[in-house]
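Participant: So TrEMBL has the following annotated:
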{"type": "DOMAIN", "residues": "1-119", "note": "domain 'SAM-dependent MTase RsmB/NOP-type'"}
{"type": "BINDING", "residues": "E1", "note": "S-adenosyl-L-methionine binding site"}
{"type": "ACT_SITE", "residues": "C49", "note": "active site, nucleophile"}
{"type": "COMPBIAS", "residues": "122-149", "note": "compositional bias 'Basic and acidic residues'"}
{"type": "REGION", "residues": "122-190", "note": "region 'Disordered'"}
{"type": "COMPBIAS", "residues": "162-177", "note": "compositional bias 'Basic and acidic residues'"}
Amino acid sequence: EKGGEGGEGEEGEKEVQMERVKQLAAFQKLALLHTFRFPNVQRISYSTCSIHREENEDVVAAVLPIARENGFELKDPFPQWKRTKFLDPKPFEGAEKLVRTDEEKDATDGFFVALFVKAKGERADGEEKTREEEQGDEQRGEQGRERGPQDGSQDLGVEQEELGKKKETEKEGRGKIEAVTTTASKRKTK
C-alpha cells in the first residue's frame, strides 16, 4: 500500500518534484538577473533540459522587464525551426522567440532556449556607450579579424571577430545560463 506519512506515494513524490522545480526556478531567475548587470555582456543564452513551464517560460517572463531595462531583447535562437515554439496559449508578448521541444513530437525529455541580445550601443546600466567605448569595440573587432578564428569556428561556417569571455552558471545539470561579453560573429558567405 502506498501513501502514509512523510510525503510517500505518488502524491508525495509529485509535491517533492514540484517543490524542487520551484527552488530551481528561483535560483535560475537570480542567476539570470545577475548576468544582466555586467556592462559588457552582449548575448545571454538561457537553456534548460526541463519540461516545466516554471523553469522555462515563467523564468523568462519574470526577468524580461529587467532585461529590457538593461537594453536586451529576445531573439530567436533557431529561426529555421518551423513550428510553434512555445506553450499554448502564448504566455507573454515575445514568447514566439523562445524554443522548447515537445516530449512526444520531438522524442526528448525536455529542451528550452531563450536568447537575450543587447541592442547595439547599449550598456547594462542603461546608458549609451561613450565614443571611447564604441572605438574600443571597433578596435577589438579589427584585432579579431586580423587574428582570424581561434576556436575552430571556421568548421561551423562562423567567423569569430573577437573571442568572448563566457560565464556559465549551472545548478544540478538542469539549467544553464551563458553570457558572452563583447563578441561579434557573423556567418561566412560562400
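Each residue's number is its place along the chain shown, starting with 1.
Glycine is no exception: its Cβ is also placed from the backbone N, Cα and C atoms.
Keep in mind that what you see is a predicted model, and the values were worked out from it rather than measured.
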Participant: Three states by DSSP: which one describes C49 (active site, nucleophile)?
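Facilitator: In the DSSP reduction, C49 (active site, nucleophile) maps to coil.
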Participant: DSSP on the domain 'SAM-dependent MTase RsmB/NOP-type' (1-119): how many residues come out helix, how many strand, how many coil?
Facilitator: 50 helix, 21 strand, 48 coil
Participant: Around the residue listed as 'active site, nucleophile', how many other C-beta atoms are within 10 angstroms of its C-beta?
Facilitator: 15
